[in-house]
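Feature annotation from Swiss-Prot assigns ATP binding site to Gly654, Pro655, Asn656, Met657, Ala658, Gly659, Lys660, Ser661.
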Amino acid sequence: MNAPASPAVQTYDATGATPVMQQFFEMKARHPDALIFFRMGDFYELFFDDAYKAAAALGISQTFRGTHNGQPIPMAGVPQHAAEAYLSKLIRLGFKVAVCEQMEDPAEARKRGSKSVVRRDIVRVVTPGTLTEDGLLDARGANRLAAVAIRAGQAAVAAVELSTGEVECFLVAKDAVGAILAALAPSETLVADRLLSDDLLAQTLKICGGLIQPMPSALSEPQASETRVKRLYGVDTLDGFGGLSAAEIGALGLIAAHLEMTQAGKLPALRAPRRAAEADVMSIDPATRSSLEIDRAQNGDRSGSLLAAIDRTVTAGGARMLASRLARPLLDPHAIDARLDAVEWFVDHRGLRERLREVLKGAGDMARALSRLALGRGGPRDLGCLKDGLKTGEKLAGMVGGSGDPLSPPPAQLEGALKALTPSLQEGLSRLLAQLETGLGPDLPALARDGGYVAAGVRPELDQARALRDDSRRVVAALESRLIQESGVPLKIRHNGVLGYFVEATAGKADPLFQPPLNATFIHRQTLANQVRFTTVELADLDARIAQAAERALAMEVAAFEDWRAEAVALAEPIQLAAEALAKLDVAAALAEWAEDAGAVRPSVDKSLAFEARAARHPVVEAAVKRAGDPYTPNDCCLDAAGERGARLSIVTGPNMAGKSTFLRQNAILAILAQSGCYVPAKSLRLGVIDRLFSRVGAGDDLARGRSTFMMEMVETAAILTQASPRSLVILDEIGRGTATYDGLAIAWACAEALHDTNRCRALFATHYHELATLETRLAHVSNLSLRAKEWNGDLVFLHEAAAGPADRSYGVQVAKLAGVPPAVVARAKEVLDRLESKTESPARLDDLPLFASHAPGPLNQFGAPVQAAPSRTDAALGDLDVDGMSPREALDALYRLKALLKT
């Protein structure tokens, strides 16, 4: 996502501007590349170019208000109460928005003089990676801000989820940046502007999506970065973070600089960086991630993805944790087993699991509530969310810890979660929970300034102020009734922050209030399109008395809110740990629930090079097939890069529509599930950990870069052949199909040989080039698999069974018939096929040709070129023959001599 194209940033001459417009010009000068949401009463107004852009993007009216230097001022506005929806749309369109708030109410400004202007300031700059409001976020999805830095050839990717406080650092090789960013899926990525001159890195950033935000390179320099990171965390040294590298500090420094600019000095409650290396998680490049539809289907929707198929979580935090695990499968079998132990425990304790999931539904999103409170954007509902979450944790700690089964105690991962949730071990959390339970009322507003959220009886002085305020409100109701009776006009007494209390009548009914004698009582204040507003001396006096009582009550409520907010922020770390613990319990229980529903089993994950799946199924396809009422056909797959318990490379053949692509994806998905710590839909799975997963299944044109489908296919194939290791898993579908038949066959043949001989990885190679089946007899660790189909009464029936051995034909004409190709075309295709097959019959087999003979690489010289072998005696004798100068008799004698040499 990139910001909409716009002309160069416009500069403004503030000479002669009104005091309010001078404020706008000052804010615009500070943030020239952002739209300024300028608060004026109940609206956010936009002026000049901002008004034109916002009106076009949001579909709102653009008008004019006043003049500046003799020219009308373009203006557009959105109501304050609906601002989140408009902000969300602008951010999705790629705009940056600076929110300029009123820092005082008009009454306070008037105390400084009748002509004083309300103070305003930028309270935040909204960008895609810095969203925290529920209305702007997907509750079940992460929203990350990432940064990339490179130092001395080493790359680092840092990511922060501002809405939860999570921070991560990855130290990787430069060519692995794309895989890490694809796993993180950031909404916004910061990068030093000098790095964008690297075409490869720039293209990698583009492929990974999100807004790319260039930053001045100086911001990623080591010394400046270290200073900013220390300031961000409020520490004097970074030693406590475990010896961060220069690249990691540079990436974190970019994030710190961006947060300083966008959060207007407010420090978020961030956790210490979690550090990971390239060797800690399975590498999955963007193309593979897309083709396997891990968290999004090809159309961009969550529905139809692997995540959607297995997600049974009941909390927002649990949903985000599950998505993160699927995006970054682990490489350490011990860490994988720890996750699987937690899932297995809930599989074995079904009754407890069901009760736990029911209780979890009452937990709020504590992590995001805490972040908003820390940034000064939270409200009473966020305190209520903390209360509900801590109360839920307290219940779960007793429920799981007291499961009463001494023979099957909770595994280590669940024990750790329970400790984070046990109030007796977290004295501060216990105290905060007690305060919130007694202090918060039942109906909580979104904003602290709305009042009404402190429970009665908690603060006696607040109860007294409320009583006076509420008595005054009854007086207002009585005054309204009397004014209606005296005037004969159906009016209402209303209130807003600008006018205070006022009398409002519809425009059609207000005329008597302008006429004697009523005009002596009713003083005109404001005329709107459909209403007219007035005041009276009595109402103004009452307004002052109510305001004083209401102000006192609200001030006391806000003070109580600030006390609780400060207490919560001071306890940020244990609250974050408690939120993480709830998410872990939710994920483990949810995966157990899915495992039971799907008939999934616990995989065995080790450090071998094996891949042994028995009766495996594709979870997404199986769910779709079951919805249609059809059975799903499971299949086996056995690979072993060491060649001990299975083939290293399986050539997969079979008709179109027989299920080759599904079979390939199915086995890749099994690996992702297993290494993420999930059960797998199969009878059994033994998996040697996979370091990199590559998929070349389907491709499309990249017209913007002048790349055809075939070129894209070759680019992806090149990446696989240069990066796959013996511990990798590769799935390839129809390599070479986008070019001429023999070109494609030659490329497919050579790629298969390279995977077997050079990469030596586990690989599934689906193809319609049946000639590749002969590799089974020519290479040591190749097997053939075919997806079966049979003809029945002239129709083709797909069995979706993977069987040993190659397919005998592709049945392309029959598939064309099934697709609805006109019968005449099908008949003609059959006729042409018969002719081609009869003409190409030859006693010579394809694998007898030198091109397709199995390649055994010989010795290489110092330049890497093959060393030419010395000519044989037969070759030398053949080279000495003067064919043109020989008589028939001499030629016959030479032939006998050559034959004799061959026998020696």
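Just so it is clear, glycine is given a Cβ too, placed from its N, Cα and C backbone atoms.
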Remark   = Residues near Ala658 (ATP binding site) by Cβ (under 8 Å) yet at least 6 apart in sequence within the same chain, in sequence order, are Leu787, Arg788, Ala789, Phe798, Leu799, His800
Message = So if I measure Cβ to Cβ from Gly659 (ATP binding site) and keep only same-chain residues at least 6 apart in sequence, which ones fall under 8 Å?
response = Thr633, Leu787, Phe798, His800
Query = If you count other Cβ atoms within 10 Å of each one's Cβ, which of the binding-site residues Gly654, Pro655 has the most?
reply = Gly654
Remark   = Residues sitting within 8 A of the centre of the Gly654, Pro655, Asn656, Met657, Ala658, Gly659, Lys660, Ser661 CB atoms (ATP site), not counting those, run Leu787, Ala789, Phe798
Key: Residues that sit under 8 angstroms from Met657 (ATP binding site) by C-beta distance, when 6+ apart in the chain   = Phe798, Val815, Leu818
Note = In all the protein chains shown, the tally of other Cβ atoms within 10 Å of the Cβ of Lys660 (ATP binding site) is 26
